[in-house]
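The structure appears below as structure tokens.
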Amino acid sequence: MKIVCVCAMGLGSSLILRMNVEKALERLGVKDAKVEVADTGSARGANPDVIVSSHSFCEELADMNVPMVEVVNYTDIAYIEAELKEILSK
Amino acid sequence: MNTIISILTSVISQAAVLVALISFIGLVAQRASIERTMTGTLKTFLGFLIMGQGSNIITGMLDPLNEIMMEAFHIQGVIPVNEAITAMASEQYGTKMAFIAFFGLIINILLARFTKFKYIFLSGHHTIIMAALTAVMLSMFGLPTAGVIAIGAIVVGIMSVLTPAISMPFVRKITGGETFALGHWATTGYIFSGFIGKIFGKNPEETSTEKMELPKWMGFFKEPVILMGIGVFIIEIICCAFAGSEFVANYAGTTHMVVWALMQGFIFSAGVSVILLGVRMILAELVPAFKGIAERIVPNAIPALDCPTVFTFAPNAIMVGFIGYTIGQFIAFGICLATGMTVIIPTLLHSFFMGGTAAIFANATGGRRGAVIGSLLTGVLNNMLCSLLFPAFAALGFAGTTFADTDFSIIGLIFYGIAHLLGVA
């Protein structure tokens, strides 16, 4: 499974998201997921199974029809964990 | 023995190898698998080389632009893009940059551990950029390499805990909490904006930008690299028009001026994209390693994060700030033209990141009026600071681009001022 964290330049806030997504996955006991960072352009070409980003990028990429985790507080790992858990259970 | 020394010196003087070594140490400290350690180290190495190649692309298109601009307007315009000048600086100062960043991060951890400023600065790209700034500025003083690294690292380390600390009162208001701080080196500009909001704005809760309905088309402003391409294209076409097609043909050959200008604009974007790819690869290894080590040494560490982490709390303010900051940039442009100072070209990229964040700060203290005035004045401030500092870089052989964010300009100006007083610049 590929999770892509998206931000404007693909190297600032998306990296923070990646670290926290990896922590959340660790807590959920998920071992076979790959987490990447991207900007919106690269995200489209990356074939993600899940996208993690802020509302404005999630809205922009909505046409990709990929489950999304919309983040407000980038450090809220519990929130990311809960959202991922819900997506994974489907 | 001589062979060993020669290899070691080559290793240390090749910045790409040095940065890869830092990654290697970080990965080993985290007890990563052998495979992970090798790929991580080599990716960092590759990332640094990619960044250097991106710099070549930018220099390649900035040189003709500078000459056309000179022919057209007899001015030397400067497009401030942190990544571009950092990549250029890495050619000559790369080794110093790598050491400054490395020791700067260590000093950050030590300061967080032993003072009440528990901030861990996680915007790695800014750490690298500040390392570039200090390496370049300190070279004015003729210090030995060890001195440049020591002072540079101390600046990076102190700034890493100081700037999150001084913006924290505002960030608390914006995010409603203490879970993270702001780690972005335009902080002095943001605080300025926050105070402007307090002075000129009113009723932040009632007149907040988030209570406004903004049109959908403004969402277009979220693609920074595309915006840069369009922005540079506009600059190119204006300069080409005034320089005359005959002059431009020296560079464009038989290609029509407009088409050539479009190409040049997006070659700039291409160069920035390449640089970003390289920086991304470097940070992918360094930031998690740094965070992992820092968290083990500093209990209750507060991460200081890149500015978009506050965007989610006031998305409308970003659009307001974009417009306000752009207007401010044009005002600064006019002031530079009128006074004969270095002309800083309005760069939409900054209207998004710095304009957006400045507006968020001013909105928190002064509602939408604060957001407009705060972002506008911050745009003027940032570009005027760039203009004041650019002569220092011009003297060192840089042309066409410079450091953009407020804190880089302030630190640069402090060094420039000291150099003036000492008579070395």
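Glycine is treated like the rest: Cβ placed from N, Cα and C.
Automatic, uncurated: that is what TrEMBL annotation is.
Feature list (source: TrEMBL):
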TRANSMEM  B:6-29  transmembrane segment
TRANSMEM  B:41-62  transmembrane segment
TRANSMEM  B:93-112  transmembrane segment
TRANSMEM  B:119-141  transmembrane segment
TRANSMEM  B:147-166  transmembrane segment
TRANSMEM  B:225-245  transmembrane segment
TRANSMEM  B:257-283  transmembrane segment
TRANSMEM  B:304-324  transmembrane segment
TRANSMEM  B:370-396  transmembrane segment
TRANSMEM  B:408-424  transmembrane segment
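Recorded stretches compared: B:225-245, B:257-283, B:304-324, B:370-396; the one with the most Cβ pairs under 8 Å to the transmembrane segment (B:147-166) is B:304-324. The transmembrane segment (B:41-62) is not in contact with the transmembrane segment (B:119-141), judged by fewer than 3 CB-CB distances under 8 Å for residue pairs 6 or more apart in sequence. Residues 119-123, 126, 160, 163-164, 171, 174-176, 180-184, 186, 208-210, 212, 214, 218, 221, 348, 351-360, 363-364, 368, 371-376, 379 of the same chain sit 6 or more residues outside the transmembrane segment (B:304-324) yet have a Cβ under 8 Å from a Cβ within it. A Cβ distance under 8 Å defines the sequence-distant neighbours of the transmembrane segment (B:408-424), meaning residues of its chain 6+ beyond its ends; these are 82, 129-130, 133-134, 137-138, 140-142, 155, 159, 185, 188, 382, 385-386, 388-389, 392.
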